[in-house]
Amino acid sequence: MADSEGTESGDGTEAAERAGGWFLVEAVVDRTTGYQVSSDEEDNSIDTGEDLVDFIDTRRPGDGQEVPLALFVQQNAQDDAATVQALKRKYTCSPASSTCVSLVDSELSPRLDAIRIHRGQDRARRRLFEQDSGYGHTQVEIGASESQVPGDAQHEGGGESVQEAEEERGGGDGEAEATGNQETQAQEQAADILEVFKVSNLKAKLLYKFKDLFGLAFGELVRNFKSDKSICGDWVICAFGVYHAVAEAVKTLIQPICVYAHIQIQTCQWGMVILMLVRYKCGKSRETVAHSMGKLLNIPERQMLIEPPKIRSAPCALYWYRTAMGNASEVYGETPEWIVRQTVVGHAMQEAQFSLSMLVQWAYDNDITDESVLAYEYALLGNEDPNAAAFLASNCQAKYIKDAITMCKHYRRAEQAKMTMAQWITHRGRKVADTGDWKAIVKYLRYQQVEFVPFISALKLFLKGVPKKSCMVFYGPSDTGKSLFCMSLLNFLGGAVISYVNSSSHFWLSPLADTKVGLLDDATYQCWQYIDTYLRTVLDGNAISIDRKHRNLTQLKCPPLMITTNINPLEDPTFKYLHSRIVVFQFLHKCPLNSNGDPVYTLNNENWKSFFRRSWARIEGSDQQEEEEEEDEDGVTSRPFRCVPGEITRPL
């Protein structure tokens, strides 16, 4: 080996050859600066600076050693950078990884950790406490399964060093792997729970689960509504998979929308299950209930069973009554009457037997003579009237309705036959409000060029039923308001209509037997021929014989009769025998209409009442008018009709 520049011969050369020749000179320390002094140095030696001369690079450029030295420095720098990077990857991790999550966020405050926007996958590690999101263990597992699926793929590439570091901290005892297996099983179980609500026969599974939880079938508590549009006030609702916090809050949230609520809550592997009996403030359909409860409970509508309760089932009422007494139910509001009626002893003993006389009295007071109207209106009183409730519980409703209408007609017919025409007009006027104007009728007669005084005179004889004067004929072209005028008067007087189309029947005149006034509308030439042949006695106002179905011939005095026609019988000599039996008024002008198509002159019951009261002195006399005024001041003094037996208090 050649002598290196700056290297002295002797011991230094041997030392350089022994070390491999990588250093140039071996320095000998004679004296150091600073506060510490080596023990092998002499205190009195003088520092000449000769040891610093050897550190100066005095070699010549171009000797071939620049490139190896630069390469050596570069390789050392790369090795140092790789070592530092490995240490960073080993001991420094992402803020979202489980090893760097703050204990305040993950362990001490799980609810604060639950609202984080970006969350990574938590590695399995030893924990002092189980995580609690505030929504129950089932919902935590479901949420974890949904959030951990993308986390696995996210940490595949860069999570190896983190895993190694955690295994080193865990001591390598395999506990992390066991905990990870448990979380994997929980994720699979949560995925199975979510798949339960996606099956095709979901309703069957819900019904099975309901019976498993509550111990009875859902169909034993409810009655089925096929239509989702049917309205009902009481509903039984069973909701599955509800959040724990929502299940507790629904006890308060449902109170503003209902008057009664019975809530039971059960827990299963599907989550919270809520059974409710709710009475809303107004009737709702199943579609409306499902929509509102779906928003309130934050679950899909298909996860609910909604049907109305069995209100006439004693076991069903007893179930709600007994469960309401336990501590497993939350009850709000007043208990429905159908539960009280079937469970409380006092109400059960107060159930009354059905009384037909009360039904007849109700129909008479409300002036109902139609069977369908009576059946419907009386059934609506089932929740208020005990007799109506007993009527609904009876198996002979059709028979009761028919008998009640028959008796009501008998009472009405006898009451009507007992009254004179003046009393009947007064009786009909009591049912009409005092808001009419008689001038509308007078203006209409003046518009049709009918003199008022002759009309009042004819109307007076007509209402009294004077022979030969009890038939008024209104003649004129079409659209002149003849039928409008006569129908309005007939409606106020409560009369009946007969039609010539039924003249082939023996019973077409039978409506005249139960009325005070009759009307034959739109009589044609054939009708006048029939009247001239068979009904001359009817126009006279004398007693006639009427054939009524399933009864013997009835003899009675024919009531006053009004006839409308387009033919003037006074101009036809064929009907000369009818001229003395009828009074004819001509309506020659078309009935005026306003922009809405309504008649300009209003002919209603209120106006007719005002008309009769105004012209009562000319029609009936001053005595009847004074009697009418006394009734207006003092009220009706006669007792109302009563067909219900009174209660007699008997002494002991």
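The backbone N, Cα and C atoms fix where each Cβ goes, and this holds for glycine too.
Here's what Swiss-Prot has on this protein:
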type: MOD_RES; residues: Ser94; note: phosphoserine
type: MOD_RES; residues: Ser98; note: phosphoserine
type: MOTIF; residues: 108-117; note: motif 'Nuclear export signal'
type: MOD_RES; residues: Ser109; note: phosphoserine
type: REGION; residues: 145-185; note: region 'Disordered'
type: REGION; residues: 185-351; note: region 'DNA-binding region'
type: DOMAIN; residues: 450-600; note: domain 'SF3 helicase'
type: BINDING; residues: Gly476, Pro477, Ser478, Asp479, Thr480, Gly481, Lys482, Ser483; note: ATP binding site
type: CROSSLNK; residues: Lys557; note: SUMO cross-link
type: REGION; residues: 620-652; note: region 'Disordered'
type: COMPBIAS; residues: 623-635; note: compositional bias 'Acidic residues'
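What Swiss-Prot annotates, mapped onto the structure for a quick look.
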{"residue": "Gly476", "record": "ATP binding site", "contacts (Cβ under 8 Å, 6+ apart)": "Gln448, Lys482, Asn566, Gln586, Phe587, Leu588"}
{"residue": "Pro477", "record": "ATP binding site", "contacts (Cβ under 8 Å, 6+ apart)": "Asn566, Leu588, Lys590"}
{"residue": "Ser478", "record": "ATP binding site", "contacts (Cβ under 8 Å, 6+ apart)": "Asn566"}
{"residue": "Asp479", "record": "ATP binding site", "contacts (Cβ under 8 Å, 6+ apart)": "Lys590, Cys591"}
{"residue": "Thr480", "record": "ATP binding site", "contacts (Cβ under 8 Å, 6+ apart)": "Gln448, Phe587, Leu588, His589, Lys590, Cys591"}
{"residue": "Gly481", "record": "ATP binding site", "contacts (Cβ under 8 Å, 6+ apart)": "Tyr444, Gln448, Phe587, Lys590, Cys591, Pro599"}
{"residue": "Ser483", "record": "ATP binding site", "contacts (Cβ under 8 Å, 6+ apart)": "Asp521, Asp522, Thr564"}
{"residue": "Lys557", "record": "SUMO cross-link", "contacts (Cβ under 8 Å, 6+ apart)": "Gly465, Gly541, Asn542, Ala543, Ile544"}
### Query
When you measure from the Cβ of Lys482 (ATP binding site), how many other Cβ atoms are you left with inside 10 Å?
26
### Message
Residues other than Gly476, Pro477, Ser478, Asp479, Thr480, Gly481, Lys482, Ser483 within 8 Å, Cβ to Cβ centroid, of the ATP site?
### Response
Thr564, Asn566, Phe587, Lys590, Cys591
### Message
DSSP secondary structure for Lys557 (SUMO cross-link), reduced to helix/strand/coil, please.
### Response
strand
### Summary
In three-state DSSP terms, Thr480 (ATP binding site) is classed as coil
